[in-house]
Amino acid sequence: MSASSLFNLPLIRLRSLALSSSFSSFRFAHRPLSSISPRKLPNFRAFSGTAMTDTKDAGMDAVQRRLMFEDECILVDETDRVVGHDSKYNCHLMENIEAKNLLHRAFSVFLFNSKYELLLQQRSNTKVTFPLVWTNTCCSHPLYRESELIQDNALGVRNAAQRKLLDELGIVAEDVPVDEFTPLGRMLYKAPSDGKWGEHELDYLLFIVRDVKVQPNPDEVAEIKYVSREELKELVKKADAGEEGLKLSPWFRLVVDNFLMKWWDHVEKGTLVEAIDMKTIHKL
């Protein structure tokens, strides 16, 4: 039975989802931080000892392999201060996470349509970490580049979110302007995926309400689905019961358990700005 049969709801498959009108934007403000130049910070790759030719990774999907070695994640300390950069590959090796305490900056996008339904994705089966788990709209990393290191009002992270929504879901930049993302908070968590890979992230939680056209990239996304609040609760129950092998990503589950329902209230009321807390880093 396919993963889609786990839902007693219509499934949005990998085709265009045409929705036209845009929704009202949310403004936000929080403590400004200074920008950082990528030239000033160390590259930690010399300390990792990982080679791209590692035969143990010969079976890795070609697209995912390229991203693992080409993408440079932003290394931070537990106060979210940038301390360097390293490859996506090195940042997700559990041996580096445990031995070197490598922590990288990340973001999680929660996109709602004008009916206040949340767009979820099931990660592709070729993903290196957490394949085929269901998660929020888009989860990725700002890269070690000038446009994504801008810290004032989390602009670098918002730029990265716009980039990855196009990469993963085919959502064009015009449909998700960077000014309409509302960063609500940050959380720090660690989660192993298997014996080799895992996550150790300082995750920015970004909310946006827009009606968008979705064209998922099969290299990144297996399926997508909009869910209401009640439908999400049923999904969580199925995951807890282990029905049909359904799994949720650990970061998504942390947000669901700690923040999502109260923030969903603000989505429906149009009061997201009242929920913003970018001073606290929640260690979960």
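Heads up, the Cβ atoms here are built off N, Cα and C, so glycines get one too.
Small disclaimer: the values here were computed from a predicted structure and weren't measured.
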Residue in Lys88, Lys100, Lys190 which Swiss-Prot records at the substrate site where Arg123, Lys127, Ser140 also bind: Lys88
Listed as N-acetylalanine by Swiss-Prot, one of Ala18, Ala46, Ala62, Ala161: Ala46
For the motif 'Nudix box' (140-170), the number of residues DSSP places in helix, strand and coil: 21 helix, 2 strand, 8 coil
Neighbourhood of Ser140 (substrate binding site), C-beta criterion under 8 angstroms, separation at least six: Ala106, Phe107, Ala160, Ala161, Lys164, Glu168
Glu201 (active site) versus Arg123 (substrate binding site) - Cα distance in angstrom: 18
Binding-site residues (His92, Lys127), the one with most neighbouring Cβ atoms at 10 Å: His92
